[in-house]
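Copied from TrEMBL, the annotated features are:
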- H225: active site (ACT_SITE)
- D229, G230, N231, G232, R233, I234, G235, R236: ATP binding site (BINDING)
- 1-15: compositional bias 'Basic and acidic residues' (COMPBIAS)
- 139-288: domain 'Fido' (DOMAIN)
- 1-31: region 'Disordered' (REGION)
Amino acid sequence: MPHTHEIPPHGHDVVPWKQSGRSGTREDRTLSEVTVSLPPEIANLDVMLPPDVIAMAEQALIQIVRTDAEFGSGLKVLNSFLIRTESVASSKLEYIEASSVDYARAIAGSKANPSALSMIAASAALTRLVDDVSQTRRISLASILAAHHDLMKEDSLDGPYAGKWREVQNWINGSDHSPRNADYVPPPAHTVESYMADLEAFANRDDVPVLVQAALVHAQFESIHPFTDGNGRIGRALINVVLRRRGITLHSVVPIASALTARRDDYFAALNHFHDGLISPLVTLFAQGCNTASLEAAETARRLIHLPVQWHGLSRNRVGSTALEIIDVLLEHPTLNVETTQRLTATSHVSANAALEKLTRDGILQEITGRSRDRVWASPDVLAELDDLDFRIAQASTPSFVTFNGRRLES
Ligand SMILES: Nc1ncnc2c1ncn2[C@@H]1O[C@H](COP(=O)(O)OP(=O)(O)OP(=O)(O)O)[C@@H](O)[C@H]1O
């Protein structure tokens, strides 16, 4: 292998192509063959990376472990908070946008927009993947398929393909009607199952540096593009699955998608370098992203811990009142309706409602539906912190460049 490669570059094959219907331009309709990419098999790959890349990856792992150990075990709310931040940012990378208030409304089962529902589905998929691997210590294809089902089952277009490997040729960007001018064409559909079995074997190895494994699992997954839709979001969830399996995180997830969204061009460039046989650019990007995301997650944890103290300062409620009881559970349940409040504080419908109104007047809660029935309240401080964490990670992830052997690689 020439020394400019760290891993075997992708091969190519020319295969016949035929449109299933008739759409697009004449060029789309008459396209008769397509050049597909053939990623290398990775199950037994040995990867040697430059020491500066490995050192940077180690530094990031230390930061992840610190944040997870310091806050993840005691502050349960941080873990659901970070799952939410990660799935929202991962969805944003695919241009699925909804505000934190939309998300909160959807969580409470209130009428929600499709983007917010799709973000909740992304949270469910990530939760399932990290829970499964925590229990079994194995990354399994069954778990990946189930997570894809969680993500896509309600999708109006791709719902029927939820939880199933693709059976058609797909491509990234270019024409909507054929692989003409695509940025990347994954391998043929009939190879997906065996490529995924190869990926599963690699993902369960213990003799590969952790961030190298996370980067390779993610990049190879994107190269295979095993689903008709949702490949970006499931592929990014796998980064946290590798971290959990290797014991780097025990409780929380790293909101790395906020960093990748901020450096979208570098991220896509690093995936292209992978096609050419280089994984250092992606490992570097992941190391920088994980480091920043973990530092900011720790800052969020400190802020969340202080919120109940601030709320008690704002509230003018007497000891033993339902309003004070709500403050005590608000961090764990930042979105509430009357029924949940009744259950959490063991009180009547009338006094739960009155307490929610009272806390709204104190500025501790905000009603987010604007309706007079089936109302939902949320903590504006918690919602603001969700947005602020994403913002701070993005700010700290200044688009720069990725390096290989001390050389700058252009995006
Ligand atoms: N040149 C590339 N080579 C390989 N993978 C890429 C490339 N560019 C982008 N990707 C990956 O593909 C993902 C998007 O894939 P695609 O546009 O097919 O969306 P998708 O399968 O619908 O995924 P989702 O539904 O999560 O958006 C990106 O988020 C990125 O991870």
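Using N, Cα and C of the backbone, Cβ positions are placed for all residues, glycine too.
Location within the structure of each feature annotated in TrEMBL.
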{"residue": "H225", "record": "active site", "contacts (Cβ under 8 Å, 6+ apart)": "R166, N170, I172, P186, N231"}
{"residue": "D229", "record": "ATP binding site", "contacts (Cβ under 8 Å, 6+ apart)": "M152, D155, L157, D158, Y161"}
{"residue": "G230", "record": "ATP binding site", "contacts (Cβ under 8 Å, 6+ apart)": "H148, L151, M152, D158"}
{"residue": "G232", "record": "ATP binding site", "contacts (Cβ under 8 Å, 6+ apart)": "S90, L93, E94, E222"}
{"residue": "R233", "record": "ATP binding site", "contacts (Cβ under 8 Å, 6+ apart)": "S87, S90, S91, E94, A122, A125, L151"}
{"residue": "I234", "record": "ATP binding site", "contacts (Cβ under 8 Å, 6+ apart)": "A125, I144, A147, H148, L151, F221, F227"}
{"residue": "G235", "record": "ATP binding site", "contacts (Cβ under 8 Å, 6+ apart)": "H218, F221, E222"}
{"residue": "R236", "record": "ATP binding site", "contacts (Cβ under 8 Å, 6+ apart)": "E86, S90, L93, H218, I256, A257, L260"}
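Using a 10 Å radius centred on the Cβ of N231 (ATP binding site) and all shown protein chains, the other Cβ atoms total 21. Within 8 A of the CB centroid of the ATP site residues D229, G230, N231, G232, R233, I234, G235, R236, the other residues of that chain are S90, E94, L151, F227, A237. Confidence annotation: the domain 'Fido' (139-288) carries a mean pLDDT of 97 in the model. Closeness to ligand 1 is met by N231, G232, R233, these being the binding-site residues among N231, G232, R233, I234 whose Cβ falls under 6 Å from the molecule.
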